[in-house]
Amino acid sequence: MKTKLVKMDALKEAGEIIRAGGLVAFPTETVYGLGADAMNSEAAAKIYAAKGRPSDNPLIVHIADMEQVDLVAENVPDQARKIMEAFWPGPLTVILNKKETVPDGTTGGLKTVAVRMPSHPGARALIRESRRVIAAPSANTSGRPSPTTAGHVMEDMNGKIPMILDGGPVGIGIESTIVDMTGEVPMILRPGYITKAMLESVIGTVQIDPAVSGRTMPEHVVAKAPGMKYRHYAPKGKLILVEGEPDKVIAEINRRAQEKEQEGFRVGIIGTDESIGQYCTGIRRSIGSREHPDSVAANLYSILRECDTLALDYIYSESFFEKGLGNAIMNRMLKAAGYHLITV
Ligand code: TXA
Ligand code: MG
């Protein structure tokens, strides 16, 4: 199959592909998504095939208007309505009880459905143009970092899907916050740009699934979002995170990097705008500024992809505070590092 990489003005044709049961990759404010008609089981099945994704890992249904919630969900709690009003359109996915009509192929056989209204105007325009609700996971090959540019999608999906809509680099760079609203207490299943504190300011107490908030490999807890149990976001080289006092972290990374270089390995270092000048070896990249955690989130996945392009064997990275957005950043980085974290 030939994959067309087109600008957002090709929306009409994109909508036709979705209606015909085909796949279109499109930008959202978080990461690029790989979309199909959510109510068409065969279309959803194509997503799993293109990504090489395990079929028990459910998809997020993307909507463009508030009324579409009731197409896919029922018994929607008042508290869920409140956070949808507060944070939609935006980087928040809400788990709700699913309507019978949503195929198992979309929800991986679950009785619940994940729903999100993206704020990216191109994403919403595509949903409206298609006159469908769109099931979309991140548009990467399963196990690779999520795509934040159309070029990343092309790397993974070329020849596998008919069309990629290029809306330029995404704004946020990490996937939406997922919150389960079907239990007693709202539960964050995946941390993201919308933080626990932001949710709590609207609906009171919210918990974080212990499987996604720890700094060590969750052994005795099973992640409640099926997708969070798979190895994710991982570069091919070995990623090692170092945390502690800034000066000690820099010294430790320099020491370890030099050691590996002397052994003949290709070594990369991920620092920040504030620290990058103090590293003295390896291929060095700044992931952004500590003053602006948004910039760190925005660059994270493209840097992890670049580690593969550069065929690095070892990558040493600084780690990030775990408050607010830092919690979401560290969740992704720890997974990418297989929880390899050194404290100095
Ligand atoms: O920002 C995002 O959410 C992006 C863009 C494209 O919207 N999408 C995304 O989709 O990250 P994906 O498939 O890569 O991640 C969806 C996550 C998976 O971990 C999946 O297991 C979880 O959502 N999920 C989906 N439906 C669920 C459900 N009913 N219950 C619990 N977790 C669910
Ligand atoms: Mg994904």
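A Cβ is built for glycine as well, from the same backbone N, Cα and C atoms used for every other residue.
Any TrEMBL annotation is an automated prediction that lacks curation.
Owing to the predicted nature of the structure, the values given are computational and were not obtained by experimental measurement.
Listed in TrEMBL for this protein:
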{"type": "DOMAIN", "residues": "8-194", "note": "domain 'YrdC-like'"}
{"type": "BINDING", "residues": "Thr30, His62, Arg116, Ala136, Ser176", "note": "L-threonine binding site"}
{"type": "BINDING", "residues": "Arg53, Asn57, Thr112, Ser138, Ser146, Arg190, Tyr233", "note": "ATP binding site"}
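Positions of the features from TrEMBL, shown on the structure.
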residue: Arg53; record: ATP binding site; CB count, 10 Å: 21
residue: Asn57; record: ATP binding site; CB count, 10 Å: 17
residue: His62; record: L-threonine binding site; CB count, 10 Å: 27
residue: Thr112; record: ATP binding site; CB count, 10 Å: 17
residue: Arg116; record: L-threonine binding site; CB count, 10 Å: 27
residue: Ala136; record: L-threonine binding site; CB count, 10 Å: 28
residue: Ser138; record: ATP binding site; CB count, 10 Å: 31
residue: Ser176; record: L-threonine binding site; CB count, 10 Å: 26
residue: Arg190; record: ATP binding site; CB count, 10 Å: 24
residue: Tyr233; record: ATP binding site; CB count, 10 Å: 25
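Proximity to ligand 2 (Cβ under 6 Å from any of its atoms) holds for these binding-site residues out of Asn57, His62, Arg116, Ala136, Ser138, Tyr233: Ser138. A sphere of 10 angstroms centred on the C-beta of Ser146 (ATP binding site) encloses 26 other C-beta atoms.
Long-range Cβ proximity for Thr30 (L-threonine binding site), meaning a same-chain Cβ under 8 A and a gap of 6 or more residues, is found for Pro91, Pro118, Val170, Ile172, Gly173, Ile174, Glu175, Ser176, Gly192, Tyr193. Between the CA atoms of Thr112 (ATP binding site) and Ala136 (L-threonine binding site) there is a gap of 16 Å.
Secondary structure from DSSP puts His62 (L-threonine binding site) in a beta strand. Of all the binding-site residues in the list His62, Arg116, Ala136, the shortest Cα-Cα distance to Arg190 (ATP binding site) is found for Arg116. Looking at the domain 'YrdC-like' (8-194) alone, the prediction's average pLDDT is 97.
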